[in-house]
Amino acid sequence: TCIQFNPVDDRYFISGSLDAKVRIWSIPDRQVVDWIDLHEMVTAACYTPDGQGALVGSYKGSCHLYNTSENKLQQKSQINLQNKKKKSNHKKITGFQVIS
């Protein structure tokens, strides 16, 4: 559902998918170098401008911050977003914009 190249090392990219997995891929090695199971559909993923972190959003509205140094996913924090409209169940995160 989402992909972004590492902004400081374009040999790697992060992806999120319907199978609830977040993966860091190595292009030269043609393989996944690390992954985590979010246990819910991943709908958004992006690197921080320095390439040392990543934000991951889910269909259910959870937002996760990861340390991605050495191309490993280490969770730092999590925020659960809630929609202010009580009649609506739509909480999914569809994208991120990181301003440096």
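The backbone N, Cα and C atoms fix where each Cβ goes, and this holds for glycine too.
Values in this document were obtained by computation on a predicted structure and should not be read as measured data.
Listed features, source TrEMBL:
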COMPBIAS  83-93  compositional bias 'Basic residues'
REGION    79-100  region 'Disordered'
REPEAT    1-27  repeat 'WD'
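In the repeat 'WD' (1-27), helix, strand and coil residues by DSSP number 0 helix, 15 strand, 12 coil. When averaged over the repeat 'WD' (1-27), pLDDT in the model lands at 97.
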